[in-house]
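Under the heading domain 'AB hydrolase-1', TrEMBL lists 38-340. According to TrEMBL, the feature active site, nucleophile maps to 139. Sequence annotations record features per position, and here TrEMBL assigns substrate binding site to 208, 336. Sequence annotations record features per position, and here TrEMBL assigns active site to 302, 335.
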Ligand SMILES: CC(=O)SCCNC(=O)CCNC(=O)[C@H](O)C(C)(C)COP(=O)(O)OP(=O)(O)OC[C@H]1O[C@@H](n2cnc3c(N)ncnc32)[C@H](O)[C@@H]1OP(=O)(O)O
Ligand SMILES: N[C@@H](CCO)C(=O)O
């Protein structure tokens, strides 16, 4: 079940201060008496706080987390929150600005991955947790996991960045900008002040279509759709549609129904700004701060977060004598493998966290 808390204020990297910040979060499992069994899960671009879910709403990582699953909620207390700037319960551009009583729209301040993590830190502290057992996340969630380990090195024992990197690649920034331009050039964007209207749904839908191409692979599309047409029309007809086109359009429409275009723009910007070395003397210097043991997982054919970028970070961690484990997972999905390949990723996550849990936390009687 999704809960809410309000954080009085947060000072952002851009210099602005946000007040009365709402945070939507989900908890699963039981926090032990010593408050040592908490795992924070960070979500990707269009994710939300519903990672584990319940009977009413499936969670986007329910294949990985739950009772008796790879991250076992009979043992661990799992917390997930919607990110700052999001549109699923946490304060974002569609929220009411307490100073004007109107939605922020494009007046919402620029937020970074570091700002998201700072808000999560305030939430975790409010929950009475002084040290997390682990922080885990995929994609933009993995960016947050890296930032957690750098910003609050004493706050966790383990960090598990998956399908991500320490800095956003040029190709990912490039794709982000095409998505952004699709939204900005939609006349319904109205300079970001389109509420209570639906806003630039066409632009957002096109941005998602492009996004989906980057989250998957050519092999997957070839295997699933090939050159099959959606209906019996001949390919020489102007309005003939290939199955892959119909699939992408469907995915575009589906996102429009659950996501706010301004949030999409702000989260893309946050991803673009992601570089753990920014203002810290470079990535290697930033990694020096990390105290947690690291499990890094890369996925084959990840167009946005190529394995060699992740391997580069792993080598830097090793050179700094950090404890780090690295795995390369083969997947026809490419980047989105982190949302699908539970049978491959799950055992790696489980073995890593179970290897270190002895002595770090004692299972409370209630959770045995
Ligand atoms: C970490 C995060 O927070 S990210 C947020 C996670 N995102 C979500 O949970 C929502 C987005 N969902 C997804 O990205 C995917 O569903 C995943 C990754 C969870 C699973 O991927 P897949 O099993 O490959 O699903 P896929 O991408 O093929 O989509 C299937 C949908 O496409 C539809 N579809 C398939 N082929 C076609 C076609 N030719 N034409 C139109 N629609 C099609 C299916 O009917 C199905 O519809 P439904 O979603 O309404 O049931
Ligand atoms: N499917 C993921 C891709 C970005 O990691 C999402 O929609 O957030």
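Heads up, residue numbers simply count up from 1 along the chain you see.
Just so it is clear, glycine is given a Cβ too, placed from its N, Cα and C backbone atoms.
A TrEMBL annotation is a machine prediction, not a hand-curated record.
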Check your understanding: How many Å lie between the Cα of residue 336 (substrate binding site) and the Cα of residue 302 (active site)?
Key -> 8
Review point. For residue 139 (active site, nucleophile), which of the recorded positions 208, 302, 335 has the nearest Cα in space?
Key: 335
Check your understanding: Which one, from the recorded positions 302, 336, has the smallest tally of other C-beta atoms lying within 10 Å of its C-beta?
Key -> 336
Exercise for review: Please compare the recorded positions 139, 208 by how many other CB atoms fall within 10 Å of each one's CB, and tell me which has the fewest.
Suggested key: 208
Practice item. May I ask for the distance between residue 335 (active site) and residue 302 (active site), taken between their Cα atoms and rounded to an integer number of Å? Key: 4
Revision key, fill the gap. On average, residues of the domain 'AB hydrolase-1' (38-340) score a pLDDT of 97
Practice item. Starting from the Cβ of residue 335 (active site), draw a 10 Å sphere and report how many other Cβ atoms land inside it. Key: 25
Practice item. Do me a favour and check the Cα-Cα span between residue 302 (active site) and residue 208 (substrate binding site); whole Å is fine. Key: 17
Check your understanding: Can you list which of the recorded positions 139, 208, 302, 336 have their Cβ under 6 Å from some atom of ligand 2?
Key -> 139, 336
Exercise for review: Anything from the recorded positions 208, 302, 335, 336 with its Cβ under 6 A from ligand 1? List those in sequence order.
Suggested key: 336
